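A.B. asks: I have a structure I would like to understand better, so I am pasting it below and will then ask my questions one at a time.
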Amino acid sequence: MSLIPKPISKVSTFTFILLILLSFTIIIAYSSPDSNVESNEPGFDSDLDQLLAVDEQLQEDRPEQQSEAETVSKAQRIVLELNGDYTKRVIDGNEFVMVLGYAPWCARSAELMPRFAEAATALKEIGSSVLMAKIDGDRYSKIASELEIKGFPTLLLFVNGTSLTYNGGSSAEDIVIWVQKKTGAPIITLNTVDEAPRFLDKYHTFVLGLFEKFEGSEHNEFVKAAKSDDEIQFIETRDSDVAKLLFPDLKSNNVFIGLVKPEAERYTVYDGSYKMEKILEFLGSNKFPLFTKLTETNTVWVYSSPVKLQVMLFSKADDFQKLAQPLEDIARKFKSKLMFIYVDITNENLAMPFLILFGIEAGNKTVVAAFDNNLNSKYLLESDPSPNSIEEFCSGLAHGTVSRYYRSEPVPDNENASIVTVVGKTFDGLVLNSRENVLLEVHTPWCVNCEALSKQIEKLAKHFKGFENLVFARIDASANEHTKLQVDDKYPIILLYKSGEKEKPLKLSTKLSAKDIAVFINEELLKPKNGSAKDEL
């Protein structure tokens with residue numbers, strides 16, 4: 001499991017928010033203990049085998065009496081506990097070793113461990129040769145460091161001693177599929193009808209391939225796609241009856257590929273060419289539900305969607321259910337162009353990082369918004385959400401007719417103002433599209449030095465009063481935004497937008513005195529057109 005978020009880039013608002021969300025899912029640093037107790041356990045292999053043998057005998061003797069706790073206990077004993085030099089011996093002595101690095105104090109580790117144990121049980125049952133192990137990286141920090149475990153929880157697959165970082169989902173099924181793909185078993189073959197129900201009990205999302213023979217170009221491309229995809233289980237069969245059990249919508253006995261998902265849009269037929277790239281493209285566009293519920297553990301998966309224009313509905317669960325059916329119809333209509341995501345608005349850890357971008361405080365009112373991760377833009381449905389208004393909003397997004405949303409204060413009255421107040425909604429008109437040169441002061445309420453600079457700007461505005469081609473303006477960056485107002489967090493900031501060159505504003509040093517700024521304005525704007533300079537304050 002990848003633990004360290006990629007560096008945050010200013011070019012993508014949605015990327016930034018998803019990485020914020022990852023902070024709720026992942027702990028990226030761990031503490032080192034005062035002592036590092038490490039010991040060998042040379043008899044652990046035989047002890048483990050004996051424990052598993054006892055478990056299997058008990059299950060045979062009283063299968064109906066096994067409690068859930070006993071089942072979990074058995075699963076956890078399948079996972080080898082590593083420590084000290086024993087770790088290196090295990091990794092070097094086995095072709096495939098999956099290691100979970102955890103810490104006892106880490107809540108996410110505690111959540112993942114039973115799923116990891118469940119995956120270990122499933123892999124053992126299907127005859128996988130991978131050895132599943134775990135190590136307390138807090139206690140055995142030296143070994144954890146040597147394994148390059150840099151945070152908790154971390155999942156690493158060692159193939160002949162070389163590690164691969166796990167980058168899949170957090171469910172047991174996700175882990176099993178990923179491990180199978182990486183250890184040489186990307187496809188499950190079903191030969192008889194009797195095998196199908198057992199398969200359906202274990203797998204809820206899968207790709208079905210029906211072939212006359214497991215050879216030829218079409219099958220080869222299917223296999224290549226199975227090896228390239230790390231998320232979805234691929235299944236192959238030569239028996240059309242098996243295929244129809246798995247995919248009841250199957251109408252033909254010819255070569256066939258289809259995707260099965262556990263949701264409203266359960267069966268999706270692939271009708272493209274039999275090329276690996278096209279099959280993977282089909283999966284990328286169709287693997288998500290019509291409406292994906294965002295959780296702390298699936299943010300990376302959501303971000304992997306090739307559909308980067310994403311509609312997000314924030315509401316309470318009951319309110320979402322009331323809209324569920326019409327929303328599914330809308331999502332189906334715009335499936336190839338928009339991705340639809342539901343966020344429980346009562347989960348502040350998930351909802352608030354998004355809502356704060358729109359200046360929306362915590363509440364229970366349904367909000368519909370959208371992010372375009374390619375254009376770094378966001379949109380907001382400002383009317384009351386209803387099936388009709390949501391569909392109209394989505395249609396506008398798909399056709400590019402919805403205006404971008406900028407967080408903005410109300411438009412102020414600037415009549416007779418010596419310094420124009422700019423807000424998000426007026427940035428285009430007053431700054432970018434105006435014919436005048438604009439000296440813009442960017443400030444925030446918490447800025448220590450902003451008040452002193454504001455007084456200098458007011459003095460300059462009075463000094464240059466009467467110069468029609470020069471406008472003094474200011475904007476509160478904490479309450480207003482615009483995609484072309486790209487500034488750092490060091491306020492105050494002075495920007496000069498020269499007429500005809502608005503795309504490349506000049507940034508002035510805030511250490512300049514009022515006289516220095518006056519000289520700069522005169523040299524940049526006034527002297528070329530007017531021989532009379534006005535720099536004496």
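Along the chain as shown, the residues are counted starting at 1.
Yeah, the Cβs are placed from backbone N, Cα and C, and that goes for glycine too.
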A.B. asks: Can you check which of 406-409, 442-445, 534-537 Swiss-Prot lists as motif 'Prevents secretion from ER'?
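C.D. replies: Within the set 406-409, 442-445, 534-537, Swiss-Prot attaches motif 'Prevents secretion from ER' to 534-537.
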A.B. asks: Looking only at Cβ atoms, how many others are within 10 Å of the one on C106 (active site, nucleophile)?
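C.D. replies: So the Cβ neighbour count for C106 (active site, nucleophile) comes to 20.
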A.B. asks: Just to be sure I understand the packing, how many Cβ atoms besides its own are within 10 Å of the Cβ of C450 (active site, nucleophile)?
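C.D. replies: Result for C450 (active site, nucleophile): 20 neighbouring Cβ atoms inside 10 Å.
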A.B. asks: Counting each residue once, how many in the domain 'Thioredoxin 2' (380-526) are helix, strand and coil under DSSP?
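C.D. replies: Secondary-structure breakdown of the domain 'Thioredoxin 2' (380-526): 49 helix, 26 strand, 72 coil.
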A.B. asks: Measure from the Cα of N160 (N-linked glycosylation site) to the Cα of every one of the recorded positions C106, N364, N416, C447, C450, then give the nearest.
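C.D. replies: Nearest listed residue in space: C106.
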A.B. asks: Closest to C450 (active site, nucleophile): which of the recorded positions C106, N364, N416, going by Cα position?
C.D. replies: N416
A.B. asks: Tally the residues of the domain 'Thioredoxin 1' (58-184) by DSSP class, grouping H, G and I as helix, E and B as strand, and everything else as coil.
C.D. replies: 61 helix, 27 strand, 39 coil
A.B. asks: Since the record lists N160, N364, N416 as glycosylation sites, which of them has the fewest other Cβ atoms within 10 Å of its Cβ?
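C.D. replies: Comparing Cβ neighbours within 10 Å for the glycosylation sites N160, N364, N416, N416 has the fewest.
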